[in-house]
């Protein structure tokens, strides 16, 4: 559906309006009566909670495997380093946006690099969010129906309860989840409708962290845990390249940039956004470090790419099976409740790419239904055929996530359309781009070799 009559003023209006409409998930625009608001709270604590919810997701499940690969000391240092770089990149976005009175990430990219800059960001958000949702599906499949790693089968909840059957196989259980859980939740057109499920999802994530830490501490006191590996084992150049595959996982764990503007827009005092970001990143880093440390301490070298799959074994404490089921069920329900929030942004960005001049998708039921069903089908099929969350994290983390989190903010500060960057900013931006490109290129190369060798061995 076109806008305007072709005059220069109409063209300008159309371009500006499209830039805002197509980036709705990156900015719920308050001025529009029918705008979709991503967050309601404007208090400091509410903003910290919302941003922390955006950050903590499926990435936490793969962090213990990253620690196992890097070693305890380098792994924890990398978690802290990525958090510091994330804070710096968000600060770049916020300072430019405040100076230019820009209210969305997409608008900022469009204002700095034109239409193709905005499209590049939207494509990146689509790829990142599809990857994240595929990871969610894979984790749900691992927990409910089980998974096999290096020839060892880890039973799922239903398989453990009822034994292996066709009805509790991965394809059937994921299809049932998609139809009975995800379909109703993603049918809402306003995120406000999901505010209670979002709060519940955070509480369930806390249950996972507390139980994991509690079991590990009990085992540590009893002296029944192995001494964790402090540094990686290097036995050749191939093992060095393999270390880089942990980088995309760490990057993905901190991607929250596309929601920062929507939080900032609802703050009366704009100067609060910096301490809010710092508080959220500090909180999430603490959760990541605690989870990675205690999960690796608990399972040692047997830690899997999806650590939830480890909770099918004897924890060597009373009521082990009960704690196993509580941990797995709580986090799977957490993922199910977070899924529609990530899907919401995915659907709006996909619609913006396919129908840039059409009216908002929430006002077109047919378009809303077709895009929703198509995206759910793609995510479901990908989750069936992608064997591990590690492979999914490698692709999204080394491509879309690194663009959203580091390369795009650094490019904006180097272009400096609003005259806010300092010499230190530009040095940091160049460093960020070099580190991102080099480390993630090596990670993609190393992961491609690993996949190739796995296929040869099979």
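Backbone N, Cα and C atoms are what each Cβ position is placed from, and that goes for glycine too.
The structure displayed is predicted, hence computed values, not measured ones.
Residues or ranges marked as domain 'Amino acid transporter transmembrane' by TrEMBL: 42-427.
If one looks beyond the transmembrane segment (73-94) by at least 6 residues along the same chain, the residues whose Cβ comes under 8 Å of a Cβ in the stretch are 63, 66-67, 105, 108, 230-232, 246-247, 250-251, 253-254, 256-257, 260-261, 264, 273-274, 277-278, 281-282, 284-285, 288-289, 292-293, 405-406, 409-410, 412-413, 421, 425, 428-429, 432, 435. Feature annotation from TrEMBL assigns transmembrane segment to 73-94 (among others).
Residues or ranges marked as transmembrane segment in TrEMBL: 119-139 (among others). Residues 22-23, 25-26, 57-58, 61, 105-106, 109, 113, 174, 177-178, 252, 255, 258, 306, 308, 331-332, 335-336, 338-339, 342-343, 345-346, 349-350, 352-353, 375, 378-380, 382-383, 386, 388-389, 392-393, 395-397, 399-401, 403-404, 408 of the same chain sit 6 or more residues outside the transmembrane segment (119-139) yet have a Cβ under 8 Å from a Cβ within it.
For 171-188 (among others), the entry in TrEMBL reads transmembrane segment.
Beyond its flanks by at least six residues, the transmembrane segment (200-221) meets 49, 52-53, 56, 60, 287, 290-291, 294-295, 297-298, 315-317, 323, 326-327, 330-331, 333-335, 337-338 of its own chain at Cβ-Cβ distances under 8 Å. Per TrEMBL, the feature transmembrane segment maps to 200-221 (among others).
According to TrEMBL, the transmembrane segment annotation covers 241-260 (among others). Within the same chain, residues 25-26, 38-39, 50-51, 54-55, 57, 59-60, 62-63, 65-66, 69-70, 75, 78-79, 82-83, 86, 89-90, 93-94, 105, 125, 128, 131-132, 232, 273, 277, 280-281, 284, 288, 345, 390, 393-398, 401-402, 404-406, 409, 436, 439-440, 442-443, 445-447, 449-450 sit at least 6 positions outside the transmembrane segment (241-260) and bring their C-beta atoms closer than 8 Å to a C-beta of that stretch.
For the transmembrane segment (281-299), same-chain residues at least 6 beyond its ends with a Cβ under 8 Å from one of its own Cβ atoms are 48, 52, 55-56, 60, 63-64, 66-68, 72, 75-76, 79-80, 83, 86-87, 208-209, 212-213, 215-217, 219-220, 225, 228, 253-254, 307, 310, 315. Residues annotated as transmembrane segment in TrEMBL: 281-299 (among others).
The feature transmembrane segment is assigned by TrEMBL to 329-348 (among others).
Sequence-distant contacts of the transmembrane segment (368-386), counting only residues of its own chain at least 6 positions beyond either end whose CB sits under 8 Å from a CB of the stretch, comprise 130, 133-134, 137-138, 141, 170-171, 174-175, 178, 182-183, 186-187, 189, 343, 346-347, 350-351, 354, 361-362, 392. The transmembrane segment annotation in TrEMBL covers 368-386 (among others).
Sequence-distant contacts of the transmembrane segment (392-414) (same chain, at least 6 residues past either end, Cβ-Cβ under 8 Å): 59, 62, 85-86, 89-90, 92-93, 96, 108-109, 112-113, 120-121, 123-128, 130-132, 134-135, 138, 245, 247-252, 254-255, 257-258, 382, 386, 420-421, 425-426, 428-430, 432-433, 435-437, 440-441, 443-444, 447. Summarising the annotation, TrEMBL assigns transmembrane segment to 392-414 (among others).
For 426-445 (among others), the entry in TrEMBL reads transmembrane segment.
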Intrachain neighbours beyond the transmembrane segment (171-188), with Cβ under 8 angstroms and 6 or more residues off its ends = 137, 140-141, 144-145, 156, 158, 194, 197, 336-337, 339-340, 343-344, 347, 372, 376, 379-380, 383-384
